[in-house]
Amino acid sequence: MDKIVYILFSMLISISFIGSVFFGIETKRDISGGKHRRWYLRPDATTVFYDSRRASLAAFFHFLTGLMLYGYLIPISLYVSIEIVKVLQCLFINQDQEMYYEETDRPSHARTSNLNEELGQVDTILSDKTGTLTCNSMEFVKCSIAGIAYGRGMTEVERALAGRRSDGPLENDGNLSDQPDDDGDTFYSRKPIKGFNFRDKRLMNGHWVNEPHSDVIQKFFRVLALCNTAVPEKDKESGEIFYEAESPDEAAFVIAAREVGFELFERKQTRISLHELDPETAKIFDRTYELLQVLEFSSSRKRMSVIVRSEENDLLLLSKGADSVMLERLSEGGRLFEAKTKDHVKRYAEAGLRTLVVAYREIGEDEYTIWEKEFSKAKATVTADRDVLVDEIADKIEKDLVLLGATAVEDKLQKKVPECIEKLAHAGIKIWVLTGDKMETAINIGYACSLLRQEMKQIIITLDTPEIEALEKQGDKDAVSKASLVSVTEQIRDGKSQLNSAKESSLTFGLVIDGKSLAFALDKSLEKKFLELALGCASVICCRSTPKHKALVTRLVKTQTGKTTLAIGDGANDVGMLQEADIGVGISGVEGMQAVMASDFAIAQFYFLERLLLVHGHWCYRRISMMICYFFYKNLTFGFTLFWFEAYTSFSGQPAYNDWYMSFYNVFFTSLPVIALGVFDQDVSARLCLKYPLLYQEGVQNILFSWPRILGWMCNAVLSSIIIFFFTTNSMINQAFRRDGQVVDYGILGATMYTCVVWTVNCQMALSINYFTWIQHFFIWGSTAFWYIFLVIYGSISPIVSTTAHRVLVEACSPSPLYWLVTLLVVIATLLPYFSYRAFQSRFRPMYHDIIQIHRRSEGAETEISGELPTSVWRKIHQLKEKLEQRNQ
């Protein structure tokens, strides 16, 4: 909009300069050869403003007069009106009952009013997965201990994939699929436990003591009970223990340990107490561990460890973390179950489960004493690299681990997520998912939520290759880095060649890239090639992404494409991504309010994004665009009538209207209708916005606020001002206006022309509105009526105050039929060009909303749309679909 204001300011300077030049020429000619050309103006006895002997100086003062006279071209009040409209739009977003989540009693919340119109112009959505696409309500469902898989049942992702694939359910082995129990264990009919959906009689009710590796099972669940920061709290009424944990994952692990027989019931600053099941006596006894150190989880470490001292005075390091960092820290003797555990982890990931590897080691007293001194010293430092130093020291002791097994928790998809993503994709919006999950997990959840589709070809970029793994085992980091960069470059090149070869076909692509590859793809030498490949794909999934990766990817998309990006997340690790994007949407979930506090808009469920963008975004973009264009139109129409009148009066600087007419133009007579347009107008209903998501492309392509459209409104304003001025003057001047034969004077001409302007701009508003409410009728016709009321009241005041407006309506204009006839004919003539253009455009060159409106009318008449729409309309629909398909290829 700033560029338009610059154009209007340039126009103000130009017409003021033109007026001053012609005024200077006319003034200089008033005295020529001692003769007075316009003797009645007394050029020989005038002020400096009209001095013929100093015409240049007079022209300069006239230039300043022009700047003040035509100042109405600069829509200063537009900024105030836009702020009012945006605040009211936010109120509608906040009060939308369709975006109210009853379960948590959370409505949508617009935290800023500056980005309303950008909601209708989003080209790319970058989304977190956990807590955003999923509920972030973790349930412990399966585990692998000592190379044996425990837990039965099919996950939600498996069921979704089975329903979408024609080849039936996913292939599972006996330990990973739902199987009936031989003895009909009644445990499964017990009351559901939040965070625990584990079904396997081999571990429950103390049966784990009969398993071949019962000692490993004991250590496994002991790690789950101890390696956390959860705080147990007791319900005074029921006596049950519940846990306050930093994350849903942590709570699920502690609950799982409790249900198997390792209940965390007390936590002090230096002590942790458990109720443990004795494998020999099958009785519960209390066991206390001294807590020595907590090595906290971070996005860079991807693991958490605690160091405890048992009652037998053994020092134990208990650790859990991502398999990518845990397996490489195993000792040679601790890899006994590695192959089977890795296989189970892969299967769990394919089922859409979140996995962690569990391990431990015993520490010698001397080793711990030396390490503890270094660790305490590192924590006591106050330098900028303190965190890096602490992580390095922690890394020294987190080694030579003994593998116990792996956990698998399910994070179910939020409701309506697949339908929402599918609708957003049909709207032409590209969706990127940035997740910390394993590639297999991310791919299968991508299929489950419709981000990836069966007909879509996958382009996978990964560094999990035998060549890279071999170099990593050698320990040469420089060689690994060089080989990785070369590998990623080649894979990106291969992906682009696949895109180029499929340009002529309708094949769509989905890009999947892992965290290691993404780190190299974001290198300065590769980022543009990576972005070109990603933009050519319909969907993008970035796996094993850190918060830094998320922010960098968001910045890359925003800066390189120059289009509106939206980031959506729910946790603190998404804050960087939300702040980098043009629009940040926070989900008020279970991970706290960090994302919401850093966001521009807050919603409770991901599927509300569909309505936020396709309905409110589209409406806000259209309303603001129409409002700005109309504001320029009405101000230019008004301003140019002043210019034509000044030209008519030899560029004398005489205004065409009374001073109070001009002061009230943008305050009372035309301001409220434009605010009503910005708040209430709808080209189509909310239902049709969701039914026809292609309509959203009006905002993405910026059709309603493009330069051709802006210039079109400006030309319409200039044409309207010409028709109003010349039709009014030519039809009234030199005509008998009053009954006594008096002709039109300056006051009557100004009032008549002003009446035509008010009627024209308000009727132009009525033609532009698509959705009338009583409020719009009241503001449009009320503003017009108020002009007449104002004329009566203002004209009744003393002529010293009212000047040219004194009784101009009551005594001069209203009794004259010519006044009413001129007003009617001038308004019709002024509106006729726009009306003709819109009639032609909606029939033969329709915009997207015109097509939907014609479709709706034909459906209402119960006729076939093919018989109602011209061929050109159908051609436009197919062209739009082809453009979207080309964008997604």
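All residue numbers here begin at 1 and follow the chain in the order shown.
Each residue, glycine too, has its Cβ placed from N, Cα and C.
Since we're looking at a predicted model, the values are computed, not measured.
Here's what TrEMBL has on this protein:
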type: TRANSMEM; residues: 6-25; note: transmembrane segment
type: TRANSMEM; residues: 57-80; note: transmembrane segment
type: BINDING; residues: Asp128, Thr130, Asp570, Asp574; note: Mg(2+) binding site
type: BINDING; residues: Asp128, Lys129, Thr130, Glu250, Phe297, Lys320, Arg354, Thr435, Gly436, Asp437, Arg544, Lys550, Asn573, Asp574; note: ATP binding site
type: ACT_SITE; residues: Asp128; note: active site, 4-aspartylphosphate intermediate
type: REGION; residues: 164-186; note: region 'Disordered'
type: TRANSMEM; residues: 630-648; note: transmembrane segment
type: TRANSMEM; residues: 660-680; note: transmembrane segment
type: TRANSMEM; residues: 710-729; note: transmembrane segment
type: TRANSMEM; residues: 778-797; note: transmembrane segment
type: TRANSMEM; residues: 817-837; note: transmembrane segment
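Panel annotation: around the transmembrane segment (778-797), residues 660, 664, 668-673, 675-676, 751, 754-755, 758-759, 762, 765-766, 805-810, 813 of the same chain, lying at least six beyond its termini, place a Cβ under 8 Å from a Cβ of the stretch. Using Cα positions, the member of the binding-site residues Phe297, Arg354, Gly436, Arg544 nearest to Asp574 (Mg(2+) binding site) is identified as Gly436. By the Cβ criterion (distance under 8 Å, sequence gap of 6 or more), the transmembrane segment (57-80) is not counted as touching the transmembrane segment (710-729), fewer than 3 such pairs being found. Across 6-25, 660-680, 710-729, the stretch most heavily in contact with the transmembrane segment (630-648), judged by Cβ pairs under 8 Å, is 710-729. Tertiary neighbourhood of the transmembrane segment (6-25): same-chain residues 55-56, 58-60, 62-63, 66-67, 69-71, 73-75, 632, 636, 643, 646-647, 650-653, selected by CB-CB distance under 8 Å and a gap of 6+ residues from either end. Spatially close to Arg544 (ATP binding site) yet at least six residues away along the chain are Ser324, Thr435, Gly436, Asp437, Lys438, Met439, Asp514, Gly515, Lys516, Leu518, judged by Cβ distances under 8 angstroms. Its Cβ taken as reference, Arg354 (ATP binding site) is surrounded by 23 other Cβ atoms within 10 Å in the chains shown.
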